[in-house]
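Per TrEMBL, the feature transmembrane segment maps to 33-56, 68-90, 102-127, 133-153, 160-177, 192-213, 234-252, 272-292, 299-320, 326-345.
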């Protein structure tokens with residue numbers, strides 16, 4: 001009987017995340033008010049910043065904006081905010097900046113150019129798609145990430161991850177079937193189809209950027225930590241900002257801002273506010289994810305990032321009056337199912353041999369993995385697949 005119980009316990013340990021409940025009260029009691037405030041603010045920043053940036057992207061077009069390059073530019077224009085967030089690590093924690101070798105700079109340049117292209121594809125897709133639909137389609141970045149990780153990093157695709165790939169692909173197919181009911185006014189069938197293809201292509205590139213980013217950490221940096229993630233984000237965003245700025249100047253879109261502001265349906269002040277807050281909110285979401293990792297865990301940040309998709313969909317329906325019907329609801333449910341399967345698979349593998357407290361902060365060097373947010377090449381934490 002005792003042997004049977006031991007075998008049953010081993011089976012349970014290999015399938016589920018083990019949380020040391022005996023330590024939870026002790027852990028929680030040791031956390032001060034500041035800790036919980038940082039965790040709360042970080043969570044709110046993620047769940048507000050990322051969806052808001054996507055809503056503003058669609059609002060820009062919906063109210064009269066036309067520049068694809070300009071919207072792509074806002075995705076990285078807030079890079080100085082990340083630099084400011086790095087200063088406390090250097091000043092108070094006496095952490096030295098990562099040494100930039102020629103190889104590392106070339107790798108970051110490739111990521112920066114890729115992120116600029118990725119931002120452009122997403123901005124182009126939002127021209128033709130409702131924000132809720134674009135957000136659901138961009139969830140396909142997850143299966144693309146798993147596939148690229150298999151070929152480039154040699155990571156196995158487990159049964160839960162394979163299930164997530166199939167389910168999220170089905171969710172996108174459901175949206176394609178319902179294109180007639182979901183198409184924004186003034187958008188033709190061919191333009192809607194182009195937006196769909198662009199969003200899928202951007203998601204695929206997003207997955208590739210994620211895998212290449214992790215490859216760079218493995219080959220050139222050799223560590224992953226909060227301040228290293230911020231360093232990479234700042235440098236890659238700066239390079240992406242430089243590429244995108246060249247595109248905006250070449251297309252003369254800076255000079256068109258005045259005329260666009262004049263015809264913006266909500267007024268010129270609202271026009272500039274949309275652009276400014278579009279640049280700010282994506283950085284707020286990024287810093288929120290880092291705050292959650294720092295004060296809680298990479299696991300919680302990954303879960304919150306998954307919640308961003310339904311939050312964006314609901315927010316778009318309420319604020320932009322995006323159409324919603326049975327097909328979109330089914331797609332939303334399938335997307336949630338896919339994310340849940342992926343997260344469960346990551347948890348069960350990473351915790352099969354040791355227990356983990358969900359409140360363990362990411363203060364020291366840890367084996368976390370980056371997962372891209374689906375609007376622009378911004379990175380938040382996610383467990384490995």
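Yeah, the Cβs are placed from backbone N, Cα and C, and that goes for glycine too.
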With pairs fewer than 6 apart in sequence excluded, do the transmembrane segment (272-292) and the transmembrane segment (68-90) have three or more C-beta pairs that lie under 8 Å?
yes
With Cβ distances under 8 Å as the criterion, find the stretch in 133-153, 192-213, 272-292, 326-345 that has the most pairs with the transmembrane segment (160-177).
326-345
Beyond the flanks of the transmembrane segment (102-127) by 6 or more, those residues with Cβ under 8 Å of it:
54, 57-58, 60-61, 68-69, 71-73, 75-76, 134, 137-138, 195-196, 198-199, 201-202, 205-206, 208-209, 212-213, 216, 219-221, 232, 235-240, 242-244, 247, 374-377
Answer yes if the transmembrane segment (33-56) and the transmembrane segment (234-252) have at least three CB pairs under 8 Å among residue pairs 6 or more apart in sequence, and no otherwise.
no
Counting only pairs at least 6 apart in sequence, do the transmembrane segment (326-345) and the transmembrane segment (133-153) share 3+ Cβ pairs under 8 Å?
yes
Outside the transmembrane segment (133-153), six or more residues from its ends: residues with CB under 8 Å to it:
51, 54, 58, 122, 125-126, 161, 164-165, 168-169, 171-172, 175, 182, 195-196, 199-200, 202-204, 206-208, 210-212, 214-215, 218, 308-309, 312-313, 316, 322, 328, 331-332, 335, 338-339, 342, 371-372, 374-375, 385
